[in-house]
2 protein chains.
Amino acid sequence: MEQSFLAYLRGRTRQLPQVAVGIGDDAAVIDWPGSAASDQPQLRQVACTDQILDGVDFRSEDQSLCDIGFKAMAINLSDIAAMGAKPSSALVTLALPAENATEIAGEVYEGILEAAQKYQVAIAGGDLSTYDGPLSISITILGWTEKPWLRTGAEEGDALFVTGALGGSLLGRHLRPEPRVELAAKLKDKVNVHAAIDVSDGFSLDLDRMLAASRMGAELELETLPISEAAHQFAEKSGRTPLEHAWSDGEDFELIFCVAPEEAAIIESTDWGVPVTRVGRVVGRTGLWKRVATSKFERVFPQGFVHGETDVAATN
Amino acid sequence: MEQSFLAYLRGRTRQLPQVAVGIGDDAAVIDWPGSAASDQPQLRQVACTDQILDGVDFRSEDQSLCDIGFKAMAINLSDIAAMGAKPSSALVTLALPAENATEIAGEVYEGILEAAQKYQVAIAGGDLSTYDGPLSISITILGWTEKPWLRTGAEEGDALFVTGALGGSLLGRHLRPEPRVELAAKLKDKVNVHAAIDVSDGFSLDLDRMLAASRMGAELELETLPISEAAHQFAEKSGRTPLEHAWSDGEDFELIFCVAPEEAAIIESTDWGVPVTRVGRVVGRTGLWKRVATSKFERVFPQGFVHGETDVAATN
């Protein structure tokens, strides 16, 4: 249902001027009514919402409820970071199985509050219900920035970067994602990011989404791709290579972004506290291309996790 | 679980300065980072979130999905109106039973989009998932106002008003609530509302909540209470009086508010397009009191619908 329904929604929901960027980016950008009249730099609101459901996005019988609560916050914070925004507040809605509802809510909230404290997000409100259904956590995070990073801004010739190391998050990292909130703020201070996206469904898939939104492609130096230790471990038993894991595994929650080529040196000469690796460049021909010789490229295809879930609000 | 868990949450979630009003009002009030530095009147953000669940808040087999979608928006808009705010944007999250997911989403969205258009709210984003569970609709609405109406602002001597007519919404009105968004904007232009709440769980229960938050009580002229035609009809078969229905029926989605006594005449002499009825006055002694003689009052007790649902974010 996803693609056709998403198209239907896009067609019907972009009519009012207060929403500058709606369905189709990591988060929505909402304009502040009085902001245009002010002589301050114009702060804009960024809002994203993501729900996770027991049996679909996690399994409560196998995972700690505290971890699940933390992750529900982290995936939303990753979307806010991918917009280059600073998170401010969260609204938290839980639908709880009637049996043990208080205990479940308490454990889930431990993780939610831990993430809130770590990333300085206020829990502004929410809703709690009990029902005859699986645990569902739906979080909206509001943030602010003067100039949001969109998926659409990549320009031909841009240098392409990725944070952290990719692949194998299923071995454990996915339980406690580290959204790149601080790094996004630091990048913002030093360079002009043209486009960004977070890696939720797989590096190649999310890169391809960002480039498609920008109507661009990329030439990649695949040997530079930062491969995580977990991807190597996973490869030992999966029958796939570490590179394949880095290329397609979901839930890395790293950032992919691009800047003008003349800013690449600033990024490469700065200690960001987290690895930030140059992996290729944005090109005018669409698709992903890997270098196979000095000036020869072959088409490669994105691969990743397309869930039974439609992210309406650019919440990939 | 509700009361103890709510207390626990309140104790743990009011630490960061960006949230001026958190859990415990109709919506949260979130401060805009740069706003204090501006010389414009300071606009503040109001955010509320409410979920409705099949089998708890509605029954999809008996109700039109389009009505349910409309109502999911309307109950949130009513919270925004009760804050005296103007709604701007909505984030819509649906968890859909896997069977017929597209059809269900389409019908629910018809109602959501109808409400969005009627009240000029942009759908900024959201999330869609399918799962093995009942239909769940969770909506966050963002709005703005310079001076939010809180539950806490009632002052001794204030004149107490209610909009519309009360009771019997179960006979049909509850399917298509009319949130008082426009009326709130008109009131804001003409008078200084001290405190407000919307009637979601019953006039007396919500009035009592507002007054308790203000540490006040009220002396009521119960014969002035505006009783709906539906309350009269309902009384014919329910064995209860029309007044009892007006006193305790939920889902009226009218506004209760109070203003300084010298502003009462402005309200009573203005045509608001909707009845606005003076029903009593705010007094320093707590509790609800009905007039039984010229200067004699008897204590009356709030009654209404306390659902198996805890509204964490002041979303009553």
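Glycine too: its Cβ is placed from the backbone N, Cα and C atoms.
Over in TrEMBL, the protein carries these features:
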DOMAIN    A:24-144  domain 'PurM-like N-terminal'
BINDING   A:ASP26, A:ASP79  Mg(2+) 4 binding site
BINDING   A:ASP26, A:ASP79, A:ASP198  Mg(2+) 3 binding site
BINDING   A:THR49, A:ASP50, A:ASP127  Mg(2+) 1 binding site
BINDING   A:ASP50, A:ASP79  Mg(2+) 2 binding site
BINDING   A:ASP57, A:GLU251, A:PHE305  substrate binding site
BINDING   A:TYR109, A:GLY126, A:ASP127, A:ARG151, A:SER200  ATP binding site
DOMAIN    A:170-286  domain 'PurM-like C-terminal'
BINDING   A:ASP201  Mg(2+) 5 binding site
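Positions of TrEMBL features highlighted on the structure.
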residue  : record                 : DSSP class
A:ASP26  : Mg(2+) 4 binding site  : coil
A:THR49  : Mg(2+) 1 binding site  : strand
A:TYR109 : ATP binding site       : helix
A:GLY126 : ATP binding site       : strand
A:ARG151 : ATP binding site       : helix
A:ASP198 : Mg(2+) 3 binding site  : strand
A:PHE305 : substrate binding site : coil
Exercise for review: Starting from the Cα of A:THR49 (Mg(2+) 1 binding site), work out which of the binding-site residues (A:TYR109, A:ASP198, A:ASP201, A:PHE305) are within 10 Å.
Suggested key: none
Review point. Highest CB neighbour count within 10 A among the binding-site residues A:ASP26, A:ASP50, A:ASP127, A:GLU251?
Key: A:ASP26
**Study point:** Mean of pLDDT values spanning the domain 'PurM-like N-terminal' (A:24-144)
**Key:** 91
Exercise for review: To the nearest whole angstrom, state the Cα distance for the pair A:ARG151 (ATP binding site) and A:ASP201 (Mg(2+) 5 binding site).
Suggested key: 15
Point to revise | Proximal to chain B - binding-site residues among A:THR49, A:ASP127, A:SER200, A:ASP201, CB under 8 Å | key: A:THR49, A:ASP127
Review point. What number of additional C-beta atoms lies within 10 angstroms of the C-beta atom of A:SER200 (ATP binding site)?
Key: 26
Revision key, fill the gap. Residues in the domain 'PurM-like C-terminal' (A:170-286) per DSSP class, helix first, strand next, coil last, are 55 helix, 22 strand, 40 coil
Exercise for review: Could you say whether, by DSSP, A:ASP57 (substrate binding site) belongs to a helix, a strand or a coil region?
Suggested key: coil
**Study point:** A:SER200 (ATP binding site) and A:ASP50 (Mg(2+) 1 binding site), distance between Cα atoms, whole Å
**Key:** 12
**Study point:** Proximal residue to A:PHE305 (substrate binding site) among binding-site residues A:ASP79, A:GLY126, A:ASP127 (C-alpha distance)
**Key:** A:ASP79
Exercise for review: Sorry to bug you, but what's the C-alpha spacing from A:ASP26 (Mg(2+) 4 binding site) to the residue listed as 'Mg(2+) 5 binding site', rounded to the closest Å?
Suggested key: 13
Check your understanding: Among the binding-site residues A:ASP57, A:TYR109, A:GLY126, A:ASP127, A:ASP198, A:GLU251, which ones place their C-alpha within 10 angstroms of the C-alpha of A:ASP26 (Mg(2+) 4 binding site)?
Key -> A:ASP198
Point to revise | Candidate with sparsest Cβ neighbourhood (10 Å radius) among A:ASP57, A:ASP79, A:ASP198, A:ASP201, the listed binding-site residues | key: A:ASP57
Check your understanding: Can you name the residues of this chain that are 6 or more positions from A:TYR109 (ATP binding site) yet have a C-beta less than 8 Å from its C-beta?
Key -> A:GLY69, A:VAL92
Review point. Out of the binding-site residues listed (A:ASP79, A:ASP127, A:GLU251), which are within 10 Å of A:ASP198 (Mg(2+) 3 binding site), Cα to Cα?
Key: A:ASP79, A:GLU251
Practice item. Spatially speaking, which of the binding-site residues A:ASP79, A:GLY126, A:SER200 is closest to A:ASP57 (substrate binding site)? Use C-alpha to C-alpha, please. Key: A:SER200
Revision key, fill the gap. Candidates A:GLY126, A:ASP127, A:SER200, A:GLU251 (binding-site residues); nearest Cα to A:ASP79 (Mg(2+) 4 binding site) turns out to be A:SER200
